[in-house]
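Comments concern the structure below.
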Amino acid sequence: MFCIQCEQTIQTPAVKGCSFAQGMCGKTAEVSDLQDVLVYSLQGVSYWATQAHRYGIINDEINQWAPKAFFSTLTNVNFDPERILQLTSQAAQFKAQLKDQVLTASSLANSPLSEVPAVAEFELPENAQAILAFAPQVAVNRGKEGVHEDVIGLRLLCLYGLKGAAAYMEHARVLEQTNNDIYAEYHEIMAWLGTDPEDLGELLDCSMRIGLMNYKVMEMLDHGETATFGHPVPTAVNVKPVKGKCILVSGHDLHDLEKILQQTEGKGINVYTNGEMLPAHGYPELNKYPHLVGNYGSAWQNQQKEFANFPGAIVMTSNCLLNPNVGQYADRLFTRSIVGWPGVAHIEDDDFSAVIESALAQPGFQHDEIEHMITVGFGRNALMNAAPAVIDQVKQGNIKHFFLVGGCDGDKAERSYYTDFTEAAPEDTLILTLACGKFRFNKNTFGDINGIPRLLDVGQCNDAYSAIQLALALAQEFDCGINELPLTLVLSWFEQKAIVILLTLFALGVKGIYTGPTAPAFLTPNLIAIIQEKFDMRSIGNVQDDLNTILAA
């Protein structure tokens with residue numbers, strides 16, 4: 001195996017990347033190698049989908065399936081080799097289908113194809129053993145002996161960024177938001193990456209193209225969520241258990257949460273959100289269910305202890321999944337969509353009766369704990385409605401600076417920086433937060449500035465779109481560029497969704513972003529220097545020194 005896509009990958013002076021029997025995330029070498037073959041197969045699908053598009057052939061099923069399959073290879077999503085093999089086999093079938101259609105259309109149009117790349121002609125070996133034997137030829141760092149390490153680094157930046165965008169495309173699709181222009185662009189980029197490009201300038205341009213495409217995807221996802229569940233409104237959420245039978249819903253999929261809420265009505269089961277599902281409480285069409293009683297737990301890296309202590313059924317709707325056997329709760333864990341773990345029950349459709357049965361068989365919480373309320377729901381609409389009051393406080397000098405502190409959480413001790421940063425931020429500053437990084441400080445008390453809460457929970461990682469809209473509105477009001485605002489982004493990364501959001505911000509021209517806790521292992525020192533120079537990206541350091549630098553600017 002060779003995998004270097006997440007923040008926790010092995011980084012030593014001698015080794016970069018996971019290349020042993022098991023990755024740091026827990027996936028086996030077998031699963032990692034199978035995922036490499038799946039990605040290569042999907043690049044072949046995208047080549048033929050791109051050619052088909054040129055002949056006016058648009059296959060909605062393949063367009064919507066391909067990003068979903070790519071999503072399955074994102075960190076902490078699918079650890080099940082059988083499921084990965086099924087997706088790879090499906091990719092081979094779709095590729096053959098598109099190829100036949102393209103060759104027929106090409107013949108009818110008397111316009112033969114130019115040279116077809118190897119990724120498009122690849123034939124999937126007949127069995128798992130042969131597929132695994134072939135896998136080293138399509139490793140994500142293939143060809144490293146013949147090109148500069150910067151080329152490999154930028155290829156991976158593009159591949160991982162596109163993977164993050166594919167995840168958001170799937171989240172949008174679940175809410176019936178699709179766009180053939182976006183699918184066409186996705187296929188073009190995916191196919192091009194399958195040809196192993198070597199031009200650094202073209203690769204850097206491609207990363208910006210991915211960022212801009214993802215902005216459109218986040219806009220589409222925002223529309224899907226708000227059209228389906230209403231615009232989020234500031235809402236108090238209890239983060240302590242309530243007596244009764246219970247189901248815990250983790251991941252990002254609001255659609256699944258709604259189905260679970262509908263199917264548990266009147267059954268005496270309380271439903272809790274976990275991790276990135278916390279923002280669900282702000283959506284009126286979800287919060288209207290009285291048995292959506294609160295949020296349980298914290299960020300993904302703590303789930304093995306927290307899930308073990310949860311006395312009910314658990315549903316993983318998307319990333320991030322850890323080995324459930326460690327906490328011995330695999331028998332009451334259920335996976336959905338692209339999530340998988342060997343031996344764990346998987347729900348193929350919207351029927352959650354098995355989850356309900358499991359929840360009723362568990363003891364549930366035996367007593368109410370004293371309430372602890374936090375506030376969520378500062379989505380795009382709420383932020384825009386609050387903008388006049390915020391602008392007034394800025395003009396009066398009561399708000400001196402805005403910070404967006406958020407992103408992915410993780411295990412490393414250096415991540416305490418983000419807690420320390422929010423606690424050290426002066427009282428005349430506002431802090432926006434999003435994604436699971438917020439759990440390092442979202443239960444703390446920050447007070448308010450003349451009625452405006454100092455901590456504003458914007459939502460999930462994809463709700464960076466909402467924060468961008470607020471920044472654009474402020475820039476318009478103050479007649480300045482976005483980089484001239486008293487606004488600083490302090491972001492933490494872990495996996496590929498965070499990578500594509502960073503690319504989106506870069507593509508929109510946002511500069512001076514602080515990132516951490518460490519640089520991606522797939523980026524060489526030279527590439528990091530290029531990105532720092534081009535986008536004024538900063539690495540987090542000492543909290544007080546960073547604050548002094550920011551506020552003195």
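Placed from the backbone N, Cα and C atoms, the Cβ positions cover glycine too.
Under the DSSP three-state reduction, Cys18 ([2Fe-2S] cluster binding site) is assigned to strand. The [2Fe-2S] cluster binding site feature in Swiss-Prot is assigned to Cys3, Cys6, Cys18, Cys25; the stated evidence is sequence analysis.
Counting every protein chain shown, 27 other Cβ atoms lie within 10 Å of the Cβ of Cys320 (hybrid [4Fe-2O-2S] cluster binding site). Residues or ranges marked as hybrid [4Fe-2O-2S] cluster binding site by Swiss-Prot: His252, Glu276, Cys320, Cys408, Cys436, Cys461, Glu495, Lys497.
Positions annotated as cysteine persulfide by Swiss-Prot, on the basis of sequence analysis: Cys408. Counting only residues at least six positions away in the same chain, the Cβ atoms of Glu7, Ala435, Cys436, Gly437, Cys461, Ser492, Trp493, Phe494, Glu495, Lys497, Ala498 sit under 8 Å from the Cβ of Cys408 (hybrid [4Fe-2O-2S] cluster binding site).
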Pairwise Cα distance for Cys3 ([2Fe-2S] cluster binding site)/His252 (hybrid [4Fe-2O-2S] cluster binding site) [Å, integer]:
24
How many Å lie between the Cα of Cys320 (hybrid [4Fe-2O-2S] cluster binding site) and the Cα of Cys25 ([2Fe-2S] cluster binding site)?
10
What's the number of neighbouring CB atoms sitting within 10 A of the CB on Glu276 (hybrid [4Fe-2O-2S] cluster binding site)?
29
Between Cys6 ([2Fe-2S] cluster binding site) and His252 (hybrid [4Fe-2O-2S] cluster binding site): CA-CA distance (Å):
19
According to DSSP, which of helix, strand or coil covers Cys3 ([2Fe-2S] cluster binding site)?
strand
Using the Cβ center of His252, Glu276, Cys320, Cys408, Cys436, Cys461, Glu495, Lys497 as the hybrid [4Fe-2O-2S] cluster site position, which other residues in that chain lie within 8 Å, going by their Cβ?
Gly275, Trp300, Asn319, Ala435, Gln460, Phe494, Ala498
Take the C-alpha atoms of Cys25 ([2Fe-2S] cluster binding site) and Glu276 (hybrid [4Fe-2O-2S] cluster binding site) and report the distance between them in angstrom, rounded.
19
Does Cys6 ([2Fe-2S] cluster binding site) have same-chain partners at least 6 apart in sequence with Cβ under 8 Å from its own Cβ, and which are they?
Met24, Cys25, Thr75, Asn76, Phe494, Glu495, Gln496
